[in-house]
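**Q** This structure is in structure tokens; I'll ask about it shortly.
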Amino acid sequence: MNNEARSALQVSGLSKTFTGVRVLDGVSFDVFPGEVHALLGQNGSGKSTLIKCLAGVYRPDHGAEISIAGKPTRPGFPPSGARQLGLAFVHQDLGLIPDMTVAENLALGVGFTTRGGLISWRKQRSLAEQAIDIFDLAVRPDELIRDVPVTMRTLLAIARALQTRTGPNSSELACLILDEPTASLPDNDADILFAALDRVKAQGVGIVYVSHRLDEIFRIADRATVLRNGVKTGSYDIAALDKRALVEIIIGQKPPTTSSSAATSRPSSAALPDVLRVSNVSGIRIKDLSLTVRAGEIVGVAGLGGSGRSELARLIFGAQERRSGTVQVADTTLPAGSVSAAVEAGVGLVPEDRRRDGCVMSMTVTENMTLVHPPTLTSGFLDLRREKRKVRDSILEFDIRPTDPNTVIGTMSGGNQQKVVLAKWLEVNPKLLILDEPVQGVDIGAKADIYRSLRSASEQGTALLMIDSDFDNLAELCDRVLVIRDGHVAEELVGAQVTSAAMSRATFGIADTHSMLTTEFDEGDR
Amino acid sequence: MTQHVTDKPQVASGPAPAGAAIQSNRAIAVSASRFGLPVLLIILIVIFSVLAPQTFATVTNLRTVLSTQSVLAVLALAAMMTLVIGEFDLSLGAQMGLSALLFPGLAANGTLPLPVALICAILATTLVGLINGILVAKLKINSFIATIGMAALLSAAVLAYSGGNTIYAGVPPSLLSIAAFAPLGIPGPIIYVAVIALVVWLLLQRTPFGRWMAAVGGSRDAAKLSGINTDRVTVVTFTLAGVLCGISGVLLASQLGSGNPAVGPGQLLPAFAAAFLGATSFRVGQFNVWGTIFAVLTIATGVAGLNLLGLPSWVEPAFNGLALIVAVTATRYLRGKPL
């Protein structure tokens, strides 16, 4: 291939292993100058790791080769080295400082120009104006970033990445890597970004474009490289594909999940009353969302990163103020933004970030486990004896190790910490338990224990709403799965439809004809 | 390939063997530290008793040390309570100063009966504590900044009220009876401190509210997501600290028999030194009542002994400053995380 000599970025044999787990396995791809190259894959396919390897945040395993503009580099360069080699990154959070001006933020990229040790603001302002002119942006150099609209900020971040670093060893920008650049943009502003990217392409810069939004890929990308479980499935010309074909490449052929039969064999909870009724709730990403969960039902929430999955949990639980809509638990209407009221009404939340939100790391197993309602005597003092008994029972029931109730929870493994968080809520017999990534970073044994506890809780009538980015987990446990797209429930999968392949298709907005048929069949059967 | 890979491998893997080694070293340090303060206290007592048997090892000296330190002990408990919820109250000293001035001031010349003046003095600092709590919890002002501002305001109030002069004219002599009260020869201040320490200990260790305080200090987010009203816990804790400051001020005034506008702020640092030093003992790595009390006694014994040996007066602040820095460093290490 004669393309190789002039590739903007060429990666070959890139692997990355974390404590024995191979997250990336021999990935090779190349990006031509002036092309938009999409990097696609499901949650956990290894995209983020790949980008962090390119940025120098992670050091790739031995044997990886990365060439930039035809020049081989030594993989394992520090993060500060990437730009000098000709790579620039615009991450999802943009890396702009809200309380600094446009000129100052741009200078953070290209460096400050000094005269006699002091910053030359005149020079700095004119550099900023040059950057602003790249995209004809309607901002002044001395405006604060916080006063600049979101779309403009994204373009400023890109402009900053384009500005050549003024240094003796610096290279021209060869390749720009954009990680989910439209994730925070208003829908109609994507066009502004794409117009800007066309100008970048015209300069002969290669663009790596990471996005979950396939419509964008078809509008802007020339080629796509797809990762699945850390392995590259191939690089494809976008013009030769349609959306459905691309989704099948991204998901791959997964064997049908056997455990969904376990879900269908469960007694139908159709006769049981609704425990949770969410009507027309809106937050930041969530728009006008409604759903219901019945007593004893396990309902999954599937969605891509940034679809508002976790926000939904916070909105229901009152940890985030909702803009509109109502949340009803049993007969209680929950006030917006009050966790205490939600807990009082019988709602629990197992949060996504266990270390920050789930456990109080400095407290013991006992103290964490009884935090919601510490057992008290009539005098108002703690009933230490009853507490001890309860905690010992829970430790046995959940198989928590070490078994000492006075262990400080921060010293325990993630799986055992998660069991404590779960025990804490199940101990108060909640009407509704919301689980956000309940088995993330948990080993297989602990995962099985957690699932067993969840099933038994649901048999006792607790309604479970479970959010998980790993759709296999949802398929294993859930009676019903709601697919969140564009901030609302776009699809609902029931019974035999609850497969991870069906969820993946639905999150990308591809109708699953096979499942559609089964829906009709199911309806007729009832 | 069924193995699924998370988006955040660095979280999943965690700090493996190196972390475990640090953990076990720390575990040894923690168990060694548990009774460090009582042991240190005994060592100091033995050393000074040998070096100064005529002056140090006397019942009078014991009474003096215990009585004068009662003021600091109560103030240190106030500091400890706010530290438990992860906040700093830098107005503690000024609050004590306010109470120590108001009590004799209000009682002077029979303006108010003594018990009423006492209650008013404590109510004043309670109100200050409440305001501190509201500033921190509701207006989301960093406690460091809010309380340093409050301390300055209180100093101004003290100056305005006293005109910078000590209030002694017309102060009823019965004021002194509060500190002089000594059933069975046990000085009253010792009894007051013992009762207050027990109440604070019960609150922290035996009530749900104490658990909530520890949870708020450990992780405000986790506490909130467990249904705890973290704002209320913060406000109530600052208010209770205000009550304790008021009591310590009343104790001080009843020992002095007058209102001195200069006292108060100088006691802030020793109070924090004691609270931090206390966290290195008993419930190691956690701010706790008995550790705080023993820290007050240990520092006081050290300072008293050195004074009796004829060392100059700069020894005391040096001792306090050193104790604070050493204690904070040790507590940080024993907790395994920054404070």
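Note that Cβ sites are derived from N, Cα and C of the backbone, with glycine treated the same way.
According to TrEMBL, the protein has these features:
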type: TRANSMEM; residues: B:35-59; note: transmembrane segment
type: TRANSMEM; residues: B:71-94; note: transmembrane segment
type: TRANSMEM; residues: B:114-137; note: transmembrane segment
type: TRANSMEM; residues: B:144-163; note: transmembrane segment
type: TRANSMEM; residues: B:175-204; note: transmembrane segment
type: TRANSMEM; residues: B:233-256; note: transmembrane segment
type: TRANSMEM; residues: B:262-282; note: transmembrane segment
type: TRANSMEM; residues: B:289-311; note: transmembrane segment
**Q** Which range out of B:35-59, B:114-137, B:233-256, B:262-282 gives the transmembrane segment (B:144-163) the most CB pairs under 8 Å?
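**A** Stretch with the highest Cβ contact count: B:114-137.
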**Q** Considering only Cβ pairs within less than 8 angstroms, which of the stretches B:35-59, B:71-94, B:175-204, B:289-311 has the most against the transmembrane segment (B:233-256)?
**A** B:71-94
**Q** Which stretch from B:35-59, B:71-94, B:262-282, B:289-311 shares the most C-beta pairs under 8 Å with the transmembrane segment (B:175-204)?
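**A** The stretch with the most close Cβ contacts to the transmembrane segment (B:175-204) is B:71-94.
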**Q** Count, for each of B:35-59, B:114-137, B:262-282, B:289-311, the Cβ pairs lying under 8 Å from the transmembrane segment (B:71-94), and report the range with the highest count.
**A** B:262-282
